[in-house]
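These come from TrEMBL:
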DOMAIN    41-290  domain 'G-protein coupled receptors family 1 profile'
TRANSMEM  27-48  transmembrane segment
TRANSMEM  60-78  transmembrane segment
TRANSMEM  98-120  transmembrane segment
TRANSMEM  140-158  transmembrane segment
TRANSMEM  197-225  transmembrane segment
TRANSMEM  237-255  transmembrane segment
TRANSMEM  275-292  transmembrane segment
Amino acid sequence: MKRQNQSSMVEFILLGFSNFPELQEQLFGVFLVIYLVTLMGNAIIIVVISLEQSLHVPMYLFLLNLSVVEVSFSAVIMPEMLVVLSTEKARISFVSCFAQMYFILLFGGTECFLLGAMAYDRFAAICHPLNYPVIINKMVFLKLVIFSWVSGIMVATVQTTWVFSFPFCGPNEINHLFCETPPVLELTCADTFLFEIYAFTGTILIVMVPFLLILLSYIRILYAILKMPSTTGRQKAFSTCASHLTSVTLFYGTANMTYLQPKSGYSPETKKLMSLAYTLLTPLLNPLIYSLRNSEMKRALMKLWRRKVFLHTV
């Protein structure tokens, strides 16, 4: 194939699961259902928390921000992924690929910090219940949320701009389902050693450091739960924290395997499956984990539903 440089590279081809054409139709149906359920579940959380005044407290406002991130994350990835699965070789323009990578990094980085902030919120609520209103006051909450979003924007801006500053040489086929950094970087024809050092260091700081802080928070939380005299109190606190920890483990575990792996660490198909774990499952499971296992969310949802029914019957 004729070599191409960055200036003449106007599009990429996303291969998806083209090696398994017999699976693509079934995967399209499965992913479409996952996408619709993800949008509906997170949209319900956003609407319920926005409309119900009793949920305007840090715990649920963090969850509101997380749901906004999940909806946006899915909207950036899933439509293009469905196009890839519906065609043998899906084309994506250079600009669209840049934009997709940018928003994947933005929402992924923001989610890392939001999950860390949510762990700190639970730590303060369970380990220091009397001082909780002071520790997580309105100003602290705003600072944590703003820091999470600004950090995501900074990570996305630096990393995406750097990746697309490299010259790209043919072939232009990305052996992936969307424009994620590792498979796109494989198409560059320049020395990426400095970028790889930056990316590895950045992943440690953005993914591993919050993850370790979350684990430390939950060790303290577990210790505090075990000291609670009431069995009911222990069960309620453990249930709330188990939901968050499940989400954290799924997101951080698969993200770490994707971004901290060596170039020859896994086969392309394995890399695709690991990417699907945190791009599909985490946005899908978060609303199920946080709403179905949370009595206050269920009460607020029923309250809004009864209000709607009442208004229709009047």
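Every residue gets a Cβ built from N, Cα and C, even glycine.
Those TrEMBL annotations? Automatic predictions, nothing curated.
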Legend entry - CB contact flag for the transmembrane segment (275-292) and the transmembrane segment (140-158), at least three pairs under 8 A: no
Inset, instruction - Tally Cβ pairs under 8 Å between the transmembrane segment (60-78) and each listed stretch (98-120, 140-158, 197-225), then give the stretch with the top tally. - result: 98-120
Legend entry - For the domain 'G-protein coupled receptors family 1 profile' (41-290), mean pLDDT (0 to 100): 85
